[in-house]
């Protein structure tokens, strides 16, 4: 029996119908695949108006935040459904991993959270087959955690002593446990084959039902399955292979030399701030899935620090290329030599679909990460962006834009001579995809209801086109905003309303701004959220409007106290707003500090830090916070600004390189 509980009107209006619908389907899917039945006679899902987590997997009585379970029955968009399916699927995965079999102690928390996060994606793509499992898993799970894991100093599975001694248990509920746990599971399933992996999980679940297990117990059950067959050969025991991934910090980067066919591994770390005392001598046992000239090759293994693979030596022909870690089956990055990168860049320009989509995403993300950490020059990464006029996948565009125009650097870029070059170079490449989607937005936006990545990433893509000053994008925003002003019943498409309102106000003047303010005041909090308007009103291009907005934020009874700090943090990121917001905070500090104390100040100073290039500028900020902060807090802020200054100086050097490269390539 499956029941769902929520507020009366939510049930009556059908807001939880979708969640109820998929629960049974995901339950059956998991029972079938794991071959272990759910032992309780019932399960209840409860949607609470206020709940600290997205969901909680209590056995037979799962609790969720309202937002995690509700959707309007009229909402046909996949992204909303996907979010509900993912959360429900995660909590259902816990009925086996966590409830039926519980980890022995918190150091193996990933046996709960990593496995539930892995099955979360299997379950959700089972009920929403329009979602592409490998693209969504890579974009939401693997890529973000690879970015984080290179800076973090703990392994997935720590020793019990260490956790008992030093860790706050809550801090273990982080991306390493969830996403690295899921990524390592994905890799494991990949080299075992899903059939053998699931067979091992079934045996593990059956043996430890209603009791506790640790990581070694899982390895033992996988080993038992491996020993009983001869299709899959491993280079070492399951425990040796997997401990290298779960018991060591970080992850490896593979460097490939095509002339000799040598692959070597080292820990991926930031070479720019390496201290000579750091020892990075970890080695992993690494499964390498690879392709040559478009055809898949048999899986091979790197089980020492470097090894020669004669089959990876390439010929003189520029059509002979190699791709490692195809479709991101392994949890690592790849650094190719110049020869192979040139060939891959050429291939992308001539036939981008010759490389699978996930591998294109990965190629670009890897090369930018390698640039950030000082392995390769920025020019190498930029060479791989030349082909983008032929790239039609939004999830790939998204990772390009995150790397080229990071959100926190928009102002820095806007005020630098790199901006007009970037504008010319990128717009030329964005136009085909831009026009494709702009057509839908103007004529038939509902046609995008099954395009998951359009719902998640189109906003960033459009916002970038408008930010680069693409006239059609600005016109589109003005048209749609004007339509809404003429008829407040008109709904700007949900996917892009944040950007449309932002540029509608930026291009417009006080009439547009006042309209947004009126609409914000009449937002009905249950049906719709007005947060996008709070952001949009900070996009104004006239100083007096921003001044007035900040005053409203301080004085208007409409705002919960939380909103004032949201308004300030929006205005401070506007390219003309950061001085205005800073003056506002310093003038009104006595009042603001009662409401927000120092958290707000930290946030504002962080943003101000992006503009600090000289000691004089630091002193100006220092004068203020020396007067407002306690002595013990001043040190931390001084360090924050000092490191911001160094970062900004480094960044200027980098931007000069980018500008020089663009100068040469902008007309290609």
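Just so you know, glycine gets a Cβ as well, placed from its N, Cα and C.
All TrEMBL annotations are machine predictions without curation.
Since the structure is predicted, the reported quantities are computational estimates derived from the model, not experimental observations.
The annotation active site, proton acceptor is assigned in TrEMBL to 91. A C-beta separation below 8 Å, combined with a sequence spacing of at least six in one chain, links residue 91 (active site, proton acceptor) to 55, 56, 57, 62, 64, 116.
Sequence-distant neighbours of residue 90 (Zn(2+) binding site) (same chain, 6+ apart, CB under 8 A from its CB) are 55, 57, 116, 117, 119, 120. The Zn(2+) binding site annotation in TrEMBL covers 90, 94, 113.
The domain 'Peptidase M1 membrane alanine aminopeptidase' annotation in TrEMBL covers 18-245.
Here TrEMBL flags 321-628 as domain 'ERAP1-like C-terminal'.
Around residue 178 (site 'Transition state stabilizer'), taking its Cβ as the centre, 22 other Cβ atoms fall within 10 Å, counting all chains. Taken from TrEMBL, the feature site 'Transition state stabilizer' applies to 178.
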Any further residue of that chain within 8 Å (Cβ to the Cβ centroid of 90, 94, 113) of the recorded Zn(2+) site
57, 91, 93, 97, 98, 112, 115, 116, 117, 120, 178
Just the number: how many Å between the Cα atoms of residue 113 (Zn(2+) binding site) and residue 178 (site 'Transition state stabilizer')?
5
Nonlocal neighbours by CB distance (under 8 Å) for residue 94 (Zn(2+) binding site), same chain, sequence gap 6 or more
57, 112, 116
With every protein chain in view, what's the tally of Cβ atoms within 10 Å of the Cβ of residue 113 (Zn(2+) binding site), excluding that atom itself?
25
